[in-house]
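Visitor: According to TrEMBL, the record shows the following:
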type: TRANSMEM; residues: B:50-68; note: transmembrane segment
type: TRANSMEM; residues: B:80-100; note: transmembrane segment
type: TRANSMEM; residues: B:127-150; note: transmembrane segment
type: TRANSMEM; residues: B:170-190; note: transmembrane segment
type: TRANSMEM; residues: B:197-215; note: transmembrane segment
type: TRANSMEM; residues: B:244-262; note: transmembrane segment
Amino acid sequence: MITVENLTKRYGGTTAVQDVSFTVQPGSITGFLGPNGAGKSTTLRMLTGLTPPTSGTATITGKRYADLPNPGRVVGVMLDAAAQHPGRTGRETLLLNASLLGVPKGRVDEMLEAVGLTSAAKRRVGQYSLGMRQRLGIASALLGDPAVLILDEPANGMDPEGIRWMRGLLQDFAARGGTVILSSHLLGEVQATVDRLVVIGGGRIVANGALEELLAGSGTLVRGLDPIGLNQALTAAGLRLEPLQDGALRVDATAEQVGRAAAAAGQILIELRQSDGAGLEELFFQLTSAPVAEAA
Amino acid sequence: MTTVTDVAPSAPAKHRAEVATALPPARGQSFLKLVAIELRKSVNTRSGRVLLAAILLLALVAIGWQLTHLPPGAAGFDGFLGAASSGVMLLLPVIGVMAMTSEWTQRTALTTFTLSPRRVRVQLAKFLSAIVLAVVAMTVVILLAVAGTALAGAVTDHTTSYAGMGGQLAGAYLTIMLNVVMGAAFGAVIPQTAVAILVFFIAPTAWSLAGPALFKDNANWLDVWGAFGRIAERDLHGMVPETLTALGVWIVLPTIAGLWASSRREVK
């Protein structure tokens with residue numbers, strides 16, 4: 001379990017992260033989203049003890065990261081898969097970490113196999129593709145059999161096949177009671193993987209909740225033979241709506257409410273369904289592009 | 001079904017419950033373990049191995065040269081040691097520098113300091129591992145020098161002399177350790193390998209060249225190469241305060257500054 005409370009980080013006069021609070025529960029995967037420079041990485045680095053916060057606390061299983069006697073046995077961290085020594089072999093990289101974590105060498109070969117790097121284990125990391133380095137980073141994070149995973153852009157550089165594998169791995173990990181927080185810019189991938197979302201914009205949390213709930217807010221999509229007439233009818237019925245470019249309307253109401261209002265005004269509907277919009281992508285821009293609004 | 005070339009593992013990853021019982025209980029990281037790991041890190045990269053091989057090769061070449069160019073009189077161990085150890089004196093500090101800088105230039109600090117958040121401990125382990133490596137490398141070089149001396153006695157008509165060997169060994173060990181700690185300290189202060197190595201070699205040399213011209217004998221207070229020379233000769237020429245000051249300014253001060261800087265440096 002990860003608990004972040006009122007984390008703030010200032011660099012001189014600029015505030016990178018302001019009063020950020022959220023929790024990540026065991027058995028769930030939380031997507032941590034935000035545009036570049038929104039404070040994502042800074043938050044993850046404060047969480048992993050790399051950057052001291054100006055104020056606030058971040059704890060993992062109830063302890064500050066720096067107070068964990070052997071952090072790798074509790075939390076698997078991969079902040080940048082590219083940050084590995086190119087002059088070491090993949091296996092040697094893991095053996096070093098295994099020694100530090102106090103896990104047997106057999107675990108290293110097990111992990112290499114689990115991430116599909118057995119055949120490349122004796123090659124130098126410098127010859128690895130980014131996707132392979134991601135796999136090595138995942139192997140390293142899982143090495144100490146942690147209860148918590150903190151991953152920054154784990155799918156970056158992976159092929160579709162690797163991304164699907166990673167999704168299975170993380171969902172499996174969470175299903176066993178593991179706690180996962182991951183950041184990603186691949187919104188489609190995030191939508192397919194995570195249970196919960198924490199969205200950060202301009203250093204503040206702008207959304208925090210279950211994926212379904214956050215996406216459900218988009219209402220009902222309706223299309224009528226007479227778009228203008230339908231618009232007037234629904235507005236007259238007191239429903240809040242937003243015209244879309246293709247003539248459809250998105251209404252903040254249930255399909256039933258929309259149907260009744262349209263029927264009452266004699267409007268003919270040619271489409272009426274739950275609005276899916278562009279899903280996470282639309283939500284993301286809605287939340288992060290506007291001059292940062294108050295937390296949702 | 002067509003054959004699919006599958007790079008991803010077909011078996012689900014083994015983690016958590018499946019292996020949880022098989023792993024030994026989690027323990028803290030002893031300082032000794034950190035030292036052992038840092039030692040391993042300085043020799044398990046290609047650049048580390050190349051440097052060690054170069055040190056060995058230089059020692060062998062120097063001994064070979066010494067064997068074929070023996071001065072008249074007894075073949076002295078001191079001559080062989082002096083020749084054989086010049087390579088190690090020159091190159092081993094580079095390993096000390098790299099032990100510190102490679103974490104930042106290769107960005108492995110990200111992993112190192114997330115796995116061991118107490119950075120000063122890790123840095124101290126690096127210093128100690130650099131010293132251990134220096135002692136091991138110097139021991140190999142000394143053994144080669146002994147072998148070279150013995151070989152000179154066996155295949156040439158020179159007699160061999162091991163006069164003053166104890167003192168020479170003490171001087172050699174002490175100098176190499178000071179050298180490598182100084183290298184590591186410079187690496188801790190300046191996180192770019194190339195810049196740190198340049199400054200390590202150039203700054204004290206520049207002082208030993210320019211200092212005497214500017215400050216006459218007072219330059220001795222900051223001449224660290226001079227101090228090393230006196231220590232290697234085990235004769236401080238009555239310049240104890242000068243020697244200690246030079247060591248303080250070029251070794252102790254950068255060590256402290258380096259520990260402070262690298263424990264606060266932002267890991268990118």
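Numbers run from 1 along the shown chain.
Note: Cβ is positioned from N, Cα and C throughout, glycine not excepted.
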Visitor: Among the recorded stretches B:50-68, B:80-100, B:127-150, B:170-190, B:197-215, which has the greatest number of Cβ pairs closer than 8 Å to the transmembrane segment (B:244-262)?
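Guide: Counting Cβ pairs under 8 Å, the winner is B:170-190.
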Visitor: Between the transmembrane segment (B:80-100) and the stretches B:50-68, B:127-150, B:170-190, B:197-215, work out which stretch tops the count of Cβ pairs under 8 Å.
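Guide: Going through each listed stretch, the top one turns out to be B:170-190.
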Visitor: Which residues of the same chain, at least 6 past either end of the transmembrane segment (B:170-190), have a Cβ under 8 Å from a Cβ in it?
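Guide: Long-range Cβ neighbours of the transmembrane segment (B:170-190): 81, 85, 88-89, 92-101, 123, 126-127, 130-131, 133-135, 137-138, 142, 196, 199-200, 224, 228, 231-234, 247, 250-251, 254-255, 257-259, 261-262.
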